[in-house]
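Beneath this line is the structure, given in structure tokens, with notes to follow.
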Amino acid sequence: MKPILVLNGPNLNLLGTREPEVYGRETLADVEALCVATAKPHGLDVVCHQSNREYEIIDWIHEARETALAIVINPGAFTHTSIAILDALNAFPGPVVEVHISNIHRRETFRHHSYVSGRADAVIAGAGVQGYAFAVERVARLTKG
Ligand code: DHK
């Protein structure tokens, strides 16, 4: 079985120390461990990547066309700017779940629009890092034979 690809975009490497009142105190390592632990009972594996570079995220999405069952993605600020990430996701055949730790709709208006939501099968925002667990659960449901 192919793994779930969990992608985190810019600044999410700073989770735990970056604006903890917005993003919480859990680290990126905690998030990745949560995804692995959530997938395990479903017999699913997880591969995680984080990058501050848009092209790297796009390249991982391209690779995923051959290697991943589904994509869970928090594109960080690229959510609000990147047609290129939307185009890459549109070329991916499997389920895509978009995650935001914060509730982007309760924040500045420039965060209210997501290019990725036009492709996502589900969008989770404002659930804190638990949103990643919800996303993995959703992928498990969507891919259950
Ligand atoms: C993370 C970011 O880095 C922001 O740029 C987004 C998102 C929101 C989050 O809530 O996880 O606007």
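For all residues, glycine too, the Cβ spot is worked out from N, Cα and C.
Predicted automatically and left uncurated, TrEMBL annotations should be read as such.
Copied from TrEMBL, the annotated features are:
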- Arg18: site 'Transition state stabilizer' (SITE)
- Tyr23: active site, proton acceptor (ACT_SITE)
- Asn74, His80, Asp87, Ile101, Ser102, Arg111: substrate binding site (BINDING)
- His100: active site, proton donor (ACT_SITE)
Between Ser102 (substrate binding site) and Tyr23 (active site, proton acceptor), the C-alpha gap once rounded to whole angstrom: 6
Least Cβ-crowded entry, counting other Cβ within 10 Å, from the recorded positions listed as His80, His100: His80
Recorded positions close to ligand 1 - of Arg18, Asp87, Arg111, only those whose C-beta is under 6 Å away: Arg111
Distance, His100 (active site, proton donor) to Asn74 (substrate binding site) (CA atoms, angstrom): 6
Residue from His100, Ile101, Arg111 whose C-alpha is spatially nearest that of Tyr23 (active site, proton acceptor), among the recorded positions: Ile101
Residue with minimal Cβ packing [other Cβ atoms within 10 Å] among the recorded positions Arg18, Arg111: Arg18
Inter-residue Cα distance where the pair is His100 (active site, proton donor) and Asp87 (substrate binding site), in Å: 19
